[in-house]
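Going by TrEMBL, these are the annotated features:
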type	residues	note
TRANSMEM	16-35	transmembrane segment
TRANSMEM	55-74	transmembrane segment
TRANSMEM	86-109	transmembrane segment
TRANSMEM	130-151	transmembrane segment
TRANSMEM	163-180	transmembrane segment
TRANSMEM	192-210	transmembrane segment
TRANSMEM	241-260	transmembrane segment
TRANSMEM	281-306	transmembrane segment
TRANSMEM	326-347	transmembrane segment
TRANSMEM	413-435	transmembrane segment
TRANSMEM	442-464	transmembrane segment
TRANSMEM	516-537	transmembrane segment
Amino acid sequence: MEDKSHTVGTFQVGDYAVFAALFVVSSGIGVFFAIKERKKASSKEFLVGGRQMSCGPVALSLTASFMSAVTVIGAPSDVYRYGASYVIFGVAYTFVVFLTAELFLPVFYRSGITSTYEYLELRFCKLVRVAATLIYIIQTILYTGVVVYAPALALNQVTGFDLWGSIFATGIVCTFYCTLGGLKAVVWTDAFQMVVMVVGFLTVLIQGASRAGGIESVWSTAHTGGRMDVFDFDVNPLRRHTFWTLSVGGTFTWLGIYGVNQSTIQRCISCKTEGHARWALYLNLLGLWIILFCAVVSGLIMYTFYSRCDPWSAGSVSAPDQLMPYFVMEILGAFPGLPGLFVACAFSGTLSTVAASINALATVTYEDFVSQCYRDLSNRAANWISKALCVVFGVACTTMAVAASYMGGIVQAALSIHGMCGGPMLGLFSLGILFPVTNLKGAVGGLIVGITLSFWVGVGAFIYPAPSNNTRPLELSTAGCNFNLTADGSNQTSVSVSALTSDRYWLADSWYSMSYLYYSAVGFIGTVAAGLLITLLTGESNISLAHTDSNKTLRNCNIKQSYFKGFIHTFIHTQITLVKVSFTKNSCKFCHY
């Protein structure tokens, strides 16, 4: 590549217009559904769309909300520094969507619940439900803080906008259309924002590949730079990204996000039929693959473009997560409107994620706390309380973004949060659904052990970052730069290993150095193992077919054996026991095959 002067453009009027259009359309969708559904003033309509959604918009919504600005900005940067092994997440996505659609979804959808944590009260007791809800609220607010901060940082980098002003603008718009239109507004706005994300990525891919010398040049340069060494089968759990950490660890991490997460399940149960819900998940898988492919290729193109002059090492950007917006401004700055399109792409991911999180937080708070304390609320009162909760959580998620500026790389920070909280939650639901013998003491004890283990390793890793021999960032060059390096002449990528290893004790280089993708697996294994052990010591749960009240209640949540055919039928019925839920007014009883 030729020497680069790195003259980065700035936002023009067209860029501001494109960017503003995103906010206007998103807000307009909220206003539309507020007017359209004004006569259906009920919390069920507001929180789950009256359970009349179809698979198409729900699939787009699922993809958009979980492929947030963390993916748009953070994933290309991760590929730029560590290589294209990030693409192996596609394997994890496949397992996660399959298990969610075939194992967890039938239990939640056929039970008729609104909050996934209601299941835990039916299976164990109210204490477990409340504890799980509180963990989910903390997890979601923390994660949402990260995804609000990421695009605000991008906007600050490429336009000079005030960082915190951008954050508050994002929070206000999300809260506005989420509060007005409820879940339907969230889903349809997500669908629109998904289209913006894809168009923004394609613009970067086309122009970036052209500026980098074409696809062949990208492939050749990335291969020479070690970015194409995708399959590393090292089983060492301390390695940051290998085939096993990305596929196995990634499956546990994302299953905690998909399989038992309120935000995902809430949109699935909003579908008109279980078939629509299942198709939404599988169509969503296709969307995940597309966005993942775009992010990885963008990272490779960016590396090729900067293969001889890394702007991070040269001090042109202060953090790796600023590389993608910096790259966009350099290749698209001469085209009015296109930089605005990319920033709109990043903000689309954020708006969809934040809105989905706010709606889910309002749902679990209303269903798990408000409705339990005030059982005689009118539909109108319930609807207004749900809207008020959206405002409260919109404010909470926005202010949480302040702390996100101290969490390091946004990809690792976001997935670490999900891992530490999502793993134990996945383990708790698995104890209830897959192991009917689990009793209340086992569930509570398992959750405590799982949370303790996952937070121990996660917080420890934050205090004692893993040494570079585990993370293994790839080499970056400044040989082709025609401008000065940082003020002290140093290269920012050459972090001294001794600086990381001084004053460290043995846990820092073993337990705390574990790949962040295994945090969820640690929490899951700890929860399930401790739960089953405590159950074994205290006595099995008393689950009997005789506990069911009537054939009618069984039909409401029966998981038919014909549902599991071939391999699934054999595996499910020989390895695990699925529970069937039956409800009475004040209690719940379970039976099994």
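Every residue, even glycine, has its Cβ placed from backbone N, Cα and C.
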* Could you give the residue numbers and ranges of same-chain residues that sit at least 6 residues beyond the transmembrane segment (281-306) on either side and whose C-beta is under 8 angstroms from one of its C-beta atoms? => 1, 4, 55-56, 58-60, 62-64, 66-67, 71-72, 75-80, 84, 86-87, 89-90, 93-94, 97, 100-101, 105, 194, 197-198, 201-202, 204-205, 208-209, 211-213, 217-219, 221-222, 225, 227, 258, 268, 323-324, 327, 330-331, 476
* Structure fact -> Given the transmembrane segment (86-109), its same-chain partners at Cβ distance under 8 Å and 6+ residues beyond its ends are 75, 78-79, 116, 119, 230-231, 241, 243, 246-251, 253-255, 257-260, 264-265, 268-269, 274, 277-278, 281-282, 284-285, 288-289, 292-293, 295-296, 299, 429, 433, 557, 559, 563-564, 568, 572, 578-579, 581
* Does the transmembrane segment (16-35) reach the transmembrane segment (192-210), going by 3 or more CB pairs under 8 Å (6 or more apart in sequence)? -> yes
* Structure fact -> Counting only residues at least 6 beyond its ends, the same-chain positions whose CB falls under 8 A of a CB in the transmembrane segment (55-74) are 146-147, 150-151, 153-154, 186-188, 190-191, 193-195, 197, 200-201, 257-258, 263-264, 267-268, 270-271, 276-277, 279-284, 287-288, 291-292, 295, 321, 324-325, 345-350, 352-353, 355-357, 409-411, 414
* Does the transmembrane segment (413-435) reach the transmembrane segment (326-347) with at least 3 CB pairs under 8 A, where each pair is 6 or more residues apart? -> no
* **Stretch among 192-210, 442-464, 516-537 sharing the most Cβ pairs under 8 Å with the transmembrane segment (130-151)** => 442-464
